[in-house]
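Following: one structure in structure tokens, then a few remarks.
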Amino acid sequence: MHQHSKGSNASSTAQIDPDIAKQILSFSKVDGPVEYQEGYGKLRSWAYSSLDQYQHELVRVLYPVFIHAFMDLVAEGHIQEARSFLNSFRGDHEVMHSRDLQKLEGVLSPSHLQEMEFAHSLRQSKVSIKICQYSYDLLLQYLHKSQSITTLGIVNEHINFQVSPGQPSSIADDAEYVTFFGSDQDAANLINQKEIHWGLLEDSLEERLEKTGAPNMDSEKADGEVREGELEENKKKSVDGLKQGTAPKKMKKDKGVGATTKAHRSESVAASGAPRVKPELPLPVISVEVEQSILEDLRNRVQLSSMALPSISLYTFINTHDSLNCASISHDGSMVAGGFSDSSLKVDYFSMVWDMAKLGLQNVTLYVDVDSRMPAHSQGENELTPNEPSSSAGGRCYTLFRGHAGPVHAATFSPSGDFILSSSSDTTIRLWSTKLNANLVCYKGHNYPVWDVQFSPLGHYFASASHDRTARIWSMDRIQPLRIMAGHLSDVDCVQWHENCNYIATGSSDKTVRLWDVQSGECVRIFIGHRSMILSLAMSPDGRYMASGDEDGMIMMWDLASGRCVSPLVGHGSCIWSLAFSCEGSLLASGSADCSVKIWDVATSSKVAKSDENKSGSTSRLRSLKTLATKSTPVYDLQFSRRNLLFAAGALSSHI
């Protein structure tokens, strides 16, 4: 217990009364959990029965004693007693410290005291309490007479007293007089000093293609046209580029895709300047057939820029009766999956997605009627009235997957399209085969609903996010998780892989985004700035930047190396359910509950932000290039194909 005097420039440390020191030595062991309950209860009664003039200062001691008594009980393995203690006295602190109490509820075992940043920070730091000299003397007298070794130990070990002469401070200033050393931002700054390697994997297919020659991308492909010979090839493929994050809601299409020039090409090769890193996880073997398919897509990729916006294909679920929770699109756009509240997963297959180039259309709307056995097809820029279901629409009966025992909250296709993962309120993750139309594996490990699941960009590995405040790394061939990432103070709502597969990012209801090393399970970055829960994440193709979207409609662009916000974005009027970078990294697409998709100029904005930051440390906002509005379809998912066609999915809403 230390005393710092503010009455003069000098400061001194108050020594503990010799009698109290003898008491400390005389106790070799605390009596047990009852001692904490009784010690805090007596201190509480004494503080509230003190003279009104000094009561508000003495009551300040209760909060730190309360939380450290709770954590001591947890550390000693008295979990039930700790929960009872928390529930008995939390009412004393609910008004001023409700957020901290919510965090403490997540401390469920002794290991959490080390794993959770909040608890670990409190255990390692001291509290500073401002108090007048007379109140300080009263407290010392009480501690001397009470003989409560637990209370005395907590006060001595975890509290610094800043003692001032004269009268007690005003009760109106109480909020300023209890300060924990090491705030959330301080902890984040410390973690953000760790080194990370944000580059791309060595010997990737993109790197091989760069060495053998530049992709064959002419202006005709920039207009969204693909040769007919390639169209037939694409119908058979189900493999498409790097995996983007989960998304939601719907959008309207726009025209205007300008011709791609050589200048645009050189500007958009995002991966060429990125450093190369070694993989931390054993990488899956890619078959020759799949590799050739990927290389073919890369050679014929449409180059996008602020002057050449993407063609868009929109899947709209109709007759869902508000039961659609999530949507996911395969990487080539040939399949779309929907997760429903009745615990089902439905997958529709489309063979005509690429025929839009033949028809001369820039944007296409596809309707998925979940009350019908066949999808309906409607085309056009503004006409959103679906046709009657028919086989001529080019689709076939959807596949119904059943196995979950609760609502399905997320689904994700493997890069090859051969598998789907789904997560549910039943706490499980299921692996399905799109070839066999069957459930292959049920992964169990989470203790509460699993809000999100995402395949890694190379497949085989996947990550999950749960209400149990953890994220987990899995592989398809093992039913137990490989890593558990614990540290968030509330639900982990979304998860996203880094392009090099060495990191995952998690977004949480605690309003932070964290970056984790998949090999060590260690948190290497904390991104603080959002004011509401994080709902969507996306990584830039070069692995340098990350975009995050929240419940308020705010999007923030982060530099992974520094942990700083490069550019905030304001424009959406509701939740950001989905984010996706174009393949060359020049554009960012965002899908929202406000029934729109926005396209942002990432390349230009990032350059401006860098130059501005170098000059003044400030940031600039992303430039919006286009807003694509729908009549009444929130956008659940966005996905850029490897050839840079943008797919979107959502459900027609009757409430908008």
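Using N, Cα and C of the backbone, Cβ positions are placed for all residues, glycine too.
Curation plays no part in TrEMBL annotations; they are all automatic predictions.
According to TrEMBL:
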COMPBIAS  218-240  compositional bias 'Basic and acidic residues'
DOMAIN    32-159  domain 'TFIID subunit TAF5 NTD2'
REGION    211-275  region 'Disordered'
REPEAT    401-433  repeat 'WD'
REPEAT    443-484  repeat 'WD'
REPEAT    485-526  repeat 'WD'
REPEAT    527-568  repeat 'WD'
REPEAT    569-610  repeat 'WD'
DSSP-derived helix, strand and coil totals, residue by residue, for the repeat 'WD' (527-568): 0 helix, 25 strand, 17 coil
The repeat 'WD' (443-484): DSSP-derived helix, strand, coil residue counts: 0 helix, 22 strand, 20 coil
For the repeat 'WD' (485-526), mean pLDDT (0 to 100): 93
